Amino acid sequence: MNDSGNSSKVNVRPPSAGLGAPSPGKRKMLRLEVRNSQVPIERKPSWIRARATIGTEYRKVQERVKKQNLRTVCQEAGCPNIYECWEDREATFLIGGSQCTRRCDFCQIDTGKPAELDLDEPKRVGQSVAQMKLRYATVTGVARDDLPDGGVWLYAETIREIHKQCPGSGVEILIPDFNGKPELLQQIFEAQPEVYAHNIETVPRIFRRIRPAFRYDRSLDVISQGQKAGMITKSNLILGMGETGEEVTQALRDLKSAGCDIVTITQYLRPSPRHLPVARWVKPQEFIEYKEQAKEIGFSGVLAGPLVRSSYRAGKLWAQSVKAKMVEIPERVRKLINEIEMQETSFRQAV
């Protein structure tokens, strides 16, 4: 983040129930959720605190969002990294609705029957990126197993709309697994996002308990298909859900073997009492060690830290990965790469 100009510093404490915990609504709690809720929300350690600088670019983006009545995940989730990402003119958007057809025990998005697909949403997201004058947008969404194509058209069309309305901006797409079907993933590849991301989130031993609708091997294959299609690939690991250090190291090796270029490593923050209790708080020194391991394993981009999220400073991490991999840079984003490289290189929330 650029500290020049009119800026002020604030301490940001993540919300007590995680990043923007949802209301359970009228849905009856599952037995698992009842069991989870018997464990009180854990007190966060002193190092789970974001130190933010409110700079000039952040204020400009904030004014545009307010004036145009735009919506971003950054705001609605109360993300403590918003100050730094917006200062870099980066933001994250959620598509496909507010209800997911799958339930992961760490995830704040509610599970239920989704509304009909909003076919105008891709165009509105593209307009938002243009109005906010973003240079890099991350797009993620809910699983839509209620649809024959899993909602893949919506993801691909959103990439196309952002490229159309903001030809100089980068797009990172964070997808569900679309059941690993090559014909569906091909639609994402053809839309040509700058980064193709799918998060494995945790290790094999506890994967099924935490992500019952996903499969570890299938998630790795989703990443492999992206790598074979020539994508820059990315994934995320959440720590503090019951994994061991050896399992984390092996998961990093699995990701690299699958063709993953970029990895982010973060601390689990419990969204609400009905979610999985925190197994442990990973100390900053451990994140440093995991970061070094990931670099040694061969990832071209690594960010690790308690408040790192998969979309945190995504444009900066992409630019670093492109440079490290020495891949050919498309003409459309060469100017963007140069802009990013000229900026400050530090990541405030990473170790």
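Cβ atoms here come from the backbone N, Cα and C positions, even for glycine.
Here is what Swiss-Prot records for this protein:
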| type | residues | note |
| --- | --- | --- |
| REGION | 1-27 | region 'Disordered' |
| COMPBIAS | 1-10 | compositional bias 'Polar residues' |
| COMPBIAS | 14-24 | compositional bias 'Low complexity' |
| BINDING | C74, C79, C85, S311 | [4Fe-4S] cluster 1 binding site |
| DOMAIN | 86-300 | domain 'Radical SAM core' |
| BINDING | C100, C104, C107 | [4Fe-4S] cluster 2 binding site |
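For the pair formed by C104 ([4Fe-4S] cluster 2 binding site) and C74 ([4Fe-4S] cluster 1 binding site), distance between Cα atoms is given as 20 Å, rounded to the nearest Å. Counting in whole angstrom, S311 ([4Fe-4S] cluster 1 binding site) lies 15 from C107 ([4Fe-4S] cluster 2 binding site) by their C-alpha atoms.
For C104 ([4Fe-4S] cluster 2 binding site), other Cβ atoms within 10 Å of its Cβ number 21. In this structure, the CA atom of C107 ([4Fe-4S] cluster 2 binding site) is 14 Å away from the CA atom of C79 ([4Fe-4S] cluster 1 binding site). Note on C107 ([4Fe-4S] cluster 2 binding site): other Cβ atoms within 10 Å of its Cβ, all shown chains, come to 20.
Here C79 ([4Fe-4S] cluster 1 binding site) is positioned 20 angstrom away from C100 ([4Fe-4S] cluster 2 binding site), judged by their C-alpha atoms.
In the structure shown, across all protein chains, C85 is the one of the binding-site residues C74, C79, C85, C100 with the greatest number of other Cβ atoms within 10 Å. Cβ neighbours within 10 Å of S311 ([4Fe-4S] cluster 1 binding site), excluding its own Cβ and spanning all shown chains: 28. Same-chain neighbours of the [4Fe-4S] cluster 1 site beyond C74, C79, C85, S311, judged by a C-beta within 8 angstroms of the site's C-beta center, are, in sequence order, T72, V73, A77, N81, I82, W86, E90, A91, T92, T138, R309, Y312. Excluding the listed site residues C100, C104, C107, the same chain places R102, R103, F106, Q108, I109, T111, V142, A143 with Cβ atoms within 8 Å of the centre of the [4Fe-4S] cluster 2 site Cβ atoms. Here the domain 'Radical SAM core' (86-300) has a mean pLDDT of 96 out of 100. Taken residue by residue with DSSP, C107 ([4Fe-4S] cluster 2 binding site) is part of neither helix nor strand, so it is coil.
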